[in-house]
């Protein structure tokens, strides 16, 4: 019979149970009681997620999709591959060790973190050196298999594949080629797979999303011998590709000695023909037709029409699946009691998507009539969404159509603007600032919760937030920072805040997804044309500026990041939606400028994240992304300084486009990579000002002034002092004030030391 399965389920829990359990564990100092509570939470979550999968009608549950922090880190733990610098015993790895690798400890900084392909999920980057070894690791996967079997479930295991695991890492300490480690890694996988077979696992899903990339020949050539080594003695292997078109590798993948392949038909529907043609008789083909990355309800009739010919060709060897893991969508629409009822009928979260997969399987096997009610309901929702008047705003469409190239460019060149800004602000060499947010304290959270519950009235909430702004300004003045921020106490999220105030956006109550570790975000839903009805940030920025003579930056989230970190409508091009958001932000920048705010930061941390995986598609994306930023930023006068911020990015390959943004100042995350990101600036003469991060805010570890001074000096080897800023890697929302106080004081101290050295070294 045709099999229905998913590639993975969200691990955080419907009420973010994993997040809160992790934070209690860390807060309690990883005590034995705290660890027991954490382990119990994980076990309960897995059982609940498997129950949802079973109740939806899936033919198997997926084990191995759970991770305490990150699935790449967990895979490294399974094959004994955590960085050697931590000195951990791979076979005796504890949870405390695991979290030390993720978050750093007193002896070692945390592992580097970056985006998982083109998603908003972050993985921990493996570190590979000539001394790297692999072997037996933790027992967690086998524990999960035993749990699932004890509950009576048929379990399919899921693992990040060996080629993808190597591809995602960084070569260090003189290692020339990561593939050189493959002969060491394959035996570790082979042993892991053999044990899974002994444990009674019939199928193992091996995730190899790198086959959706433009792979070098050496990596393509490594695929067949790798799987020839893995297949003997293993359970049946399902090699899963997703996130883009893998058809250029179709012949290679179909020739692998595995039992099946998975392809993503949501992101690359056209690839199906290349796989179905001459498909091997000994393989299943898993078709990912339910979107694992967006929240819109599946058009079941359309999907059935797409799958029916495949069913005719392959029979029971057709499997129905989600396009990728459901890690990227919220858990359950049932937990959205306050969401607009019409909008709700257009949506499907993870729990609903599992049922969509099973319903498609049922229609293929039993006929549409067997699930007619579900199909008819989905068809009615799709028709209503196509014709809903709430989606379309004629005024917005006219404004987008009227945009010209001049609207996306500043009136004067950077050199002219820089002179005007120096005259206006009079900043010292190596000016110090922060990225925007300060700690979201319990006081802030209590006030926000009381306001949302109606316990605190609007005026009381404003007063509470103003007090937090005053605290943030006073602290920054005490540190000695040169450019201040208001701290964003009023914002629960850098995208959701704006989504609450813009027309065309909707906000969920419980639509959380994991960003990394315990960090969860609640992406807004962009369901219709975007319009700014009134100023969003002017009152907060103006109040903060009234508290100090030093400049205070206005803080906005850029159009591409708003797009990338939301669940975006799929009925028009993303470029069009980006321009709509950009027009709204342009009006906000003009309102800020009119209110006397002389520096405005438009954050674009997701610019590179939106880059298509295929090289041939990138130029078009960068063109509209740069244009959208320009529309948002270019209406202001020469002496208004536009900042932007980018984090978690390796962007050497898009530096020309970053330069084309023409922001007066850009700040970037560089600490975890030890300023390696700045290597690109040795060959590309970035024309404007730049602030490479000198403090890793993702780790609780507090750097001292000597460490920060070393990083500033490293930056000065690549960036002229006249164009260098000093700032943390990212916003400080997730840190505690005691950490921030120490780190920013050290940062200002380090900047003053280096400033003195530079000035003393300058010719008289």
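Glycine too: its Cβ is placed from the backbone N, Cα and C atoms.
The feature 5-methyltetrahydropteroyltri-L-glutamate binding site is assigned by Swiss-Prot to 16, 17, 18, 19, 115, 519, 520, 565, 609. Among the features that Swiss-Prot reports, L-homocysteine binding site is placed at 435, 436, 437, 488, 603, with the record citing sequence analysis. According to Swiss-Prot, the L-methionine binding site annotation covers 435, 436, 437, 488, 603. Per Swiss-Prot, Zn(2+) binding site is recorded for 645, 647, 669, 730. Look at Swiss-Prot and you will find 698 tagged as active site, proton donor.
When the alpha carbons of residue 647 (Zn(2+) binding site) and residue 603 (L-homocysteine binding site) are compared, the span between them is 9 angstrom.
Using a 10 Å Cα-Cα cut-off from the residue listed as 'active site, proton donor', the binding-site residues that qualify among 18, 115, 435, 520, 645, 730 are 730. Residue 115 (5-methyltetrahydropteroyltri-L-glutamate binding site) falls within a strand segment according to DSSP. Closest by Cα distance to residue 437 (L-homocysteine binding site), from the binding-site residues 16, 520, 609, 730, is 730. When the alpha carbons of residue 488 (L-homocysteine binding site) and residue 115 (5-methyltetrahydropteroyltri-L-glutamate binding site) are compared, the span between them is 24 angstrom. When the binding-site residues 18, 435, 609 are screened for a Cα within 10 A of the Cα of residue 730 (Zn(2+) binding site), the ones that qualify are 435. Cα-Cα distances to residue 603 (L-homocysteine binding site) place 645 within 10 Å, out of the binding-site residues 16, 115, 609, 645. Secondary structure at residue 18 (5-methyltetrahydropteroyltri-L-glutamate binding site), taken from DSSP and collapsed to helix, strand or coil, is helix. For the 5-methyltetrahydropteroyltri-L-glutamate site listed in the record, the two most distant Cα atoms among 16, 17, 18, 19, 115, 519, 520, 565, 609 lie 28 Å apart. When the recorded positions 16, 115, 645, 698 are compared by the number of other C-beta atoms lying within 10 angstroms of their own C-beta, 16 comes out lowest.
Residue 435 (L-homocysteine binding site) and residue 669 (Zn(2+) binding site) are 10 Å apart (CA-CA, integer value). On the backbone, the CA of residue 436 (L-homocysteine binding site) and the CA of residue 18 (5-methyltetrahydropteroyltri-L-glutamate binding site) stand 27 Å apart. Of the recorded residues, residue 16 (5-methyltetrahydropteroyltri-L-glutamate binding site) and residue 435 (L-homocysteine binding site) place their C-alpha atoms 27 Å from one another. DSSP assigns residue 437 (L-homocysteine binding site) to a strand in the three-state reduction. The DSSP secondary structure for residue 520 (5-methyltetrahydropteroyltri-L-glutamate binding site) is strand.
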